[in-house]
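A.B. asks: OK, TrEMBL features for this one:
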| type | residues | note |
| --- | --- | --- |
| TRANSMEM | 6-25 | transmembrane segment |
| TRANSMEM | 59-78 | transmembrane segment |
| TRANSMEM | 98-126 | transmembrane segment |
| TRANSMEM | 138-156 | transmembrane segment |
| TRANSMEM | 176-194 | transmembrane segment |
| TRANSMEM | 220-239 | transmembrane segment |
| TRANSMEM | 251-270 | transmembrane segment |
| TRANSMEM | 291-311 | transmembrane segment |
| TRANSMEM | 323-341 | transmembrane segment |
| TRANSMEM | 403-428 | transmembrane segment |
Amino acid sequence: MYVGPIGILLIVMLFILILTARLRIHPFISLIAGSVLAGFLADEVGATLETIVTGMSSIFADYAIIVTSGSIIGVILHKSGATALIADDVTKLFRKPVFAIALLGFAFAVPMMCLILAFIIFLPVAKDLSDKHGFPKGLTEVALALATMASFGLLYPSPGIYAFVNEMNIQVLDVLFIGVAIALVVFFVGYIYASRYYGFSIKEDCCDNMVQEKKQTELFTYRTTSYIPIIVPIILIMIRLLTNIPVIELVGHESIALLAGAILAMTLSTRHFPYSDIRAWVDKGIRRSGLVLLDICGGGALGAMLVLAGVGDALGDILLESSIPALLVPFLIAAAVQTVQGSRMVTLFTASALVIPIMPQLGLPAVIVLFSMASGTFLISHFNDPYFWILADFAEMESTEVLKTYTVAGAVMGLSSMAMTSVIYFVFY
C-alpha cells in the first residue's frame with residue numbers, strides 16, 4: 001500500500017512515540033526500528049541498511065569526541081567539587097541562578113561554534129545550581145538548552161547564518177543588529193517558558209532560597225584549577241576563528257579543544273585526588289557518553305532514512321505550490337527540512353539551497369529571508385534531533401518530558417522569532 005512521503009513521516013513518528021513513551025523501549029532501538037520501517041514504507045529495502053549506517057556514522061564523526069570529552073569533564077568537575085565552586089561564583093555574581101546559567105549558554109554557544117558543546121560544558125554547573133538551590137529537577141538543564149538554541153540559531157557568525165550572509169553579500173551590521181534584537185526576545189521567551197513549565201516563579205530565581213548543605217563539599221584548592229577545563233577549550237575555539245595557522249586549526253577544532261579540556265581536568269585532579277578515583281570518574285564519563293552517542297546516532301539514521309523516503313522534497317513541493325504569504329515560505333521550508341533531518345545547522349544550509357533560487361519570486365530583502373529561515377529551524381524538533389537525545393540523556397529526562405519542554409518550547413521560540421522578523425520587516429522595510 002502506497003502511503004506517500006508525508007504518510008511515511010506521520011506513521012514513523014507515531015511508531016517511535018509508541019515505542020519510547022508507551023512501551024518504554026530504549027530510544028536507540030526505537031529509532032533504528034523506525035528507520036527500518038521507513039525503508040519498508042518507502043520501498044527502499046535495498047538501500048535501507050546502507051542509509052542507516054551512513055546516517056549513524058556521520059553523526060558519530062561529528063559528535064563522538066565532543067560528547068565523550070564533555071562527559072568526562074562534567075563527571076570530573078562534579079565529583080571533585082569544582083562545579084559547586086563555580087555554581088557559588090555564578091550565584092554571587094548574578095543573584096539569579098537560573099537566569100545566570102541560561103545567560104552563560106546564550107553567551108558562549110556562538111563563540112564555541114556549537115550549541116551542544118556549550119550545553120555539555122555548562123551542564124555540570126547547571127546541575128549543581130539546581131542541587132544547591134532546590135530547584136525543580138530539569139529546570140536549569142532546560143533553561144540552559146533553550147538559551148543555547150536562541151543564540152546559536154539567530155546570531156552571526158554561527159555557521160548557518162555566516163554562510164548565508166556570505167552567499168548573499170548581506171551587510172553584516174544589519175544581520176548583527178536584527179539578530180541580537182530577535183535573539184534576546186527568543187532568549188527571554190525560552191527562559192520564561194522553562195520557568196512556567198516547572199511551576200517556578202521568576203521572582204523565586206534568587207540566591208536567598210539557597211538550601212543549606214548538610215556537609216561542606218570538597219572543592220579544588222584553587223579557583224583557577226576549577227575553571228581551566230572549561231575556559232581553555234573556549235579560548236582555543238575562539239583563537240581558531242581569528243587565524244589560519246594549521247596547528248591552531250587543529251587544536252582549536254571543537255573536538256580537539258574539548259579533548260584538551262578533558263585531559264586538563266584529569267591532569268589537574270591528580271593534585272588533589274587518588275589516581276584510582278580519577279580513573280573511575282573517567283570510566284563513568286565514557287560509559288555515560290556511550291549511551292548518549294547511541295541515541296543521537298539513532299537520530300542520524302532516522303534523518304537519513306526520511307531524506308531517502310523523499311519527505312523533505314514532498315514538504316517543499318507542498319509549500320511552494322500553496323498560496324502561503326511570501327514571508328512565511330522560507331520559515332516553513334526550514335521547518336519542513338528540520339522535521340526531516342534534525343540538525344539545525346544542516347537545516348539552515350539545506351533550506352538556503354532551496355530558498356535562494358526562488359528569492360526573486362518572493363520579493364523579500366535577503367536579511368528578512370535569512371531570519372525567516374532561521375526562525376523555522378526552531379519550529380519542529382523531535383526524535384531525529386541530536387540535541388533532543390543529549391538533553392534527555394544528560395539531564396536524565398523521559399522522552400515525553402523532552403517533547404513537552406524542549407520541543408514545545410522550541411516551537412514557541414520559533415513563532416516568537418518569526419513574529420519579531422515580521423514586525424521588523426513591516427516597520428523597517
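Keep in mind that glycine also has a Cβ here, set from the backbone N, Cα and C atoms.
In TrEMBL, annotation is done automatically, which means it is predicted and not curated.
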A.B. asks: Taking 3+ C-beta pairs under 8 angstroms (sequence gap of 6 or more) as contact, is the transmembrane segment (59-78) in contact with the transmembrane segment (98-126)?
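C.D. replies: Yes, the stretches contact each other.
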A.B. asks: For the transmembrane segment (6-25) against the transmembrane segment (291-311), do we get 3 or more Cβ-Cβ pairs below 8 Å once near-sequence pairs (under 6 apart) are dropped?
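C.D. replies: Per Cβ check, the transmembrane segment (6-25) touches the transmembrane segment (291-311).
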A.B. asks: Restricting to the same chain and to residues at least six past its boundaries, which positions have a Cβ under 8 Å from a Cβ of the transmembrane segment (251-270)?
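C.D. replies: Counting only partners 6 or more residues beyond its ends, the transmembrane segment (251-270) has Cβ contacts under 8 Å with 65-66, 68-70, 72-73, 76-77, 80, 112-114, 117, 120-121, 220, 225, 228-230, 232-234, 236-241, 278, 281-282, 285.
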A.B. asks: Which range wins on Cβ pairs under 8 Å with the transmembrane segment (220-239): 98-126, 176-194, 323-341, 403-428?
C.D. replies: 98-126
A.B. asks: Under 8 Å, at least 3 Cβ pairs, sequence separation 6 or more: does that hold for the transmembrane segment (403-428) versus the transmembrane segment (98-126)?
C.D. replies: no
